[in-house]
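Trainee: Have a look at the structure that comes next, please.
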Amino acid sequence: MEANPAGSGAGGGGSSGIGGEDGVHFQSYPFDFLEFLNHQRFEPMELYGEHAKAVAALPCAPGPPPQPPPQPPPPQYDYPPQSTFKPKAEVPSSSSSSSSSSSSSSSSSSSSSSSSSQAKKPDPPLPPAFGAPPPPLFDAAFPTPQWGIVDLSGHQHLFGNLKRGGPASGPGVTPGLGAPAGAPGPLPAPSQTPPGPPAAAACDPTKDDKGYFRRLKYLMERRFPCGVCQKSFKQSSHLVQHMLVHSGERPYECGVCGRTYNHVSSLIRHRRCHKDVPPAAGGPPQPGPHLPPLGLPAPAASAATAAAPSTVSSGPPATPVAPAPSADGSAAPAGVGVPPPATGGGDGPFACPLCWKVFKKPSHLHQHQIIHTGEKPFSCSVCSKSFNRRESLKRHVKTHSADLLRLPCGICGKAFRDASYLLKHQAAHAGAGAGGPRPVYPCDLCGKSYSAPQSLLRHKAAHAPPAAAAEAPKDGAASAPQPPPTFPPGPYLLPPDPPTTDSEKAAAAAAAVVYGAVPVPLLGAHPLLLGGAGTSGAGGSGASVPGKTFCCGICGRGFGRRETLKRHERIHTGEKPHQCPVCGKRFRESFHLSKHHVVHTRERPYKCELCGKVFGYPQSLTRHRQVHRLQLPCALAGAAGLPSTQGTPGACGPGASGTSAGPTDGLSYACSDCGEHFPDLFHVMSHKEVHMAEKPYGCDACGKTFGFIENLMWHKLVHQAAPERLLPPAPGGLQPPDGSSGTDAASVLDNGLAGEVGAAVAALAGVSGGEDAGGAAVAGAGGGASSGPERFSCATCGQSFKHFLGLVTHKYVHLVRRTLGCGLCGQSFAGAYDLLLHRRSHRQKRGFRCPVCGKRFWEAALLMRHQRCHTEQRPYRCGVCGRGFLRSWYLRQHRVVHTGERAFKCGVCAKRFAQSSSLAEHRRLHAVARPQRCSACGKTFRYRSNLLEHQRLHLGERAYRCEHCGKGFFYLSSVLRHQRAHEPPRPELRCPACLKAFKDPGYFRKHLAAHQGGRPFRCSSCGEGFANTYGLKKHRLAHKAENLGGPGAGAGTLAGKDA
């Protein structure tokens, strides 16, 4: 095949040069690209539309260019398809080339010009703005071609002037057009300085009388902005392509596997996986033979199955190595064999036999199969942590860097390693800033909102029914039994060996209790965990899940996103990439690590608006709010002085049914001030803050006033002596049946309440609606004479309390449905994970024991942190004063003492703080409503009691006086702090062993006995001694488990015991 030096395009064989129509396929021509450029001619770039008009109208554009001189014929070369580039004839040296070319040019000029004119392809028509045919690319005055030398100085000079707004200039460049003129030949050497343009033809951008350069600059700007994300583009077609991201439309579909894409380039890249594959074989490979139950030997593969290739490539087949059967007949779960590197044209695709992912190279397949085998070949040299990918190891090594730069947020103090993450984080603080509020995309079905349209589309797919369920057969074929699910052969997580020792048997029995209590539909989607192929009704096939694109190759669970599948695979591989820098504990998810940080910071940013209780997690606050949202019936609401539950007439009458649909059917709370209705008590309490200016709710018994109805409710319960006093005599329309007394709480609740509301209030009041409990709680709480103070006992677990308010608060624990019970102590839990965590408390041994005090820990990181208490090790030291700390968090807090910096500023009152936690705590003060205002100074308070205490400063009243000197104080805390000065100084008792100081001689004697090997803490039941209170508390739990019924006791056989 010969290339056309004139650049006409055709080169034979269906392939062309760069200047042709199709372009050279460089994957099929592995010759030197620079050598190819020296002997090819390129057509000048043509400008169309607005750009051509703007360039042609430049004031420095002269008339038509001069005619080029005749061109000498260059030598012809062969370009074999699969060989390196070699010239057809040897190129002479520079000394001989000039003489030979000059002597032969006169003899062959006529013939070469005629032949080249016959072989040259006619030039395409130019736009009217140019008005002349394009000139040749190179100048004939340039020297003859030099082998393998390419100079870019002329190219840089040409495009450098275009960027500066001036004309295209250079050797042989026609002014105003930007195309060089001359015969073909290489560019000048770097030592040769190309001559510049004439002074008359120079363009001055400052003398832009007609606005040509402004017009050209306008055309180069991005004038097509996106109305959703404000991103701009130069061309309208790019904007149209970008809008597919927001609309979620995927118009480009693969004809082999049916996957859709929003960009044509993504579809082109995807089609490489289906190279040389017929459409019938483009789908996922067929699942392998049926898997036997876990623990049983796998059947030997047939000859046909073993010979079938696992890839769909037309090249050398990449057959995975089948697991060889062992001596006892069981198949060894060996790793999946990796095909050898393909030589020649076999560049894939290679399919994974477990998850059906397709890869182009066998090395990529081998790297992917590490996920299934659980192998981690890359380990850290500092902490010995291992990873399955080299990129993960590089990312982890950066965490050990001492001088790692962290950029703190000026608002909340959170630090980031990347400036881009910090900018995104600060944009979240800005909210509705300069860019306006963020767009919200709500769901029309459930009302849930999302910040991105793609998330809304994925959410709507969950509402849509599966296609298989929508198109059910009408001929009764659906009732036919479904075949058991099949899975591809490969390494799976097999169960451990049968237990041999007593401890292993006990652990296996505990696991059987946990998984035996889990409902079958929960584990039906994981047939491999059940030890068999699974049932068709419970779990279905793991090979394909309706509506799920990405399926797990180990358990068959389907997911809608690839990222979710990757996070799920960590459950099988055991990878925990997120580590706490304080205690070393690891987590699979990053949000688990964020929740864990609250343990070290002890920050409780979530506060209940009604009772003021604070929590560290939003889930805890949500569960706590259910206490305030409990809907009270008419009987208890009238006793507590609360707004009664409004419902249909006769809802609390004798005709009310005991099987109501639920607590929210026809029930609502009404505001007594404005009459607005709310679904539960929590919302009406929040609404009451609008009407509150003082404390309008007073107690009839003691006259104490409250600003919240909920606080009045809890206060009135304190005045009740027994639970039966909460239930007043039944009204005329509510007579107890069977002639029982009106104070029988169980009868009143059975007939006057409906459904779950009555059951919940009955549990709160300590009674039960059934016949098994009767009035046991009432008798145990208030009835019966006892020698000590009156205590209130729980009828469910037998725990007793000194105050009735404590019993009411405790009753909420039993309102949560707990279906999983511990076989050792009988304690019940709502989830299997909570039960697994509880099982740890019954283990006799822990893996890591302290050699000094004998304390055991679950993890090595906890033991290492504990041993610092014995060695007085302080690994984190201050560089200013040299003080050591046990935690790095303590050192960061201590550094503020030396710097005095207060980097965290409140945006409301401009008050500054040294710690981010202090600023977060201060901001919550601005968020809380403060309706109580001082008339003297204008200071506001949340409660009226705080306002009255503050007004003493203006009145000069000192209500608190010291008993010793009679000095008066405004606040109680001030007088308590003052009275410490009158107390005699106590001698300091310091331990000679650990230098710990004590003020109480009793504690000091017990501490010395612990150093001497004594056990001063004795159990009152069995007399066993312990060195510390921690061991004694753990020992008492064992006695409590024995008293509750032992291992065979269930959740309903708990014996009563005082708290």
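Using the three backbone atoms N, Cα and C, a Cβ is placed for every residue, glycine included.
Dumping what Swiss-Prot says about this protein:
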- 8-21: compositional bias 'Gly residues' (COMPBIAS)
- 61-78: compositional bias 'Pro residues' (COMPBIAS)
- 93-119: compositional bias 'Low complexity' (COMPBIAS)
- 124-137: compositional bias 'Pro residues' (COMPBIAS)
- 183-198: compositional bias 'Pro residues' (COMPBIAS)
- 281-296: compositional bias 'Pro residues' (COMPBIAS)
- 297-316: compositional bias 'Low complexity' (COMPBIAS)
- 324-337: compositional bias 'Low complexity' (COMPBIAS)
- 463-480: compositional bias 'Low complexity' (COMPBIAS)
- 481-499: compositional bias 'Pro residues' (COMPBIAS)
- LYS802: SUMO2 cross-link (CROSSLNK)
- LYS1040: SUMO2 cross-link (CROSSLNK)
- 252-274: zinc finger (ZN_FING)
- 378-400: zinc finger (ZN_FING)
- 550-572: zinc finger (ZN_FING)
- 606-628: zinc finger (ZN_FING)
- 669-691: zinc finger (ZN_FING)
- 697-719: zinc finger (ZN_FING)
- 792-814: zinc finger (ZN_FING)
- 876-898: zinc finger (ZN_FING)
- 904-926: zinc finger (ZN_FING)
- 960-982: zinc finger (ZN_FING)
- 989-1011: zinc finger (ZN_FING)
- 1017-1039: zinc finger (ZN_FING)
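Context for these features, please: burial, neighbours, distances.
Mentor: LYS802 (SUMO2 cross-link) falls within neither a helix nor a strand when secondary structure is assigned with DSSP, and so counts as coil.
According to DSSP, LYS1040 (SUMO2 cross-link) is assigned to a helical segment.
Residues 367, 370-371, 417, 573, 575, 577, 579, 581 of the same chain, all 6+ positions outside the zinc finger (378-400), place their C-beta atoms under 8 angstroms from a C-beta of that stretch.
Each residue in the zinc finger (550-572) has a pLDDT score, and their mean in this model is 81.
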Trainee: Rounded to the nearest angstrom, how far is the Cα of LYS1040 (SUMO2 cross-link) from the Cα of LYS802 (SUMO2 cross-link)?
Mentor: 20
Trainee: Across the zinc finger (606-628), what are the DSSP residue counts per state (helix, strand, coil)?
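Mentor: Tallying H, G and I as helix, E and B as strand, the rest coil: 11 helix, 4 strand, 8 coil.
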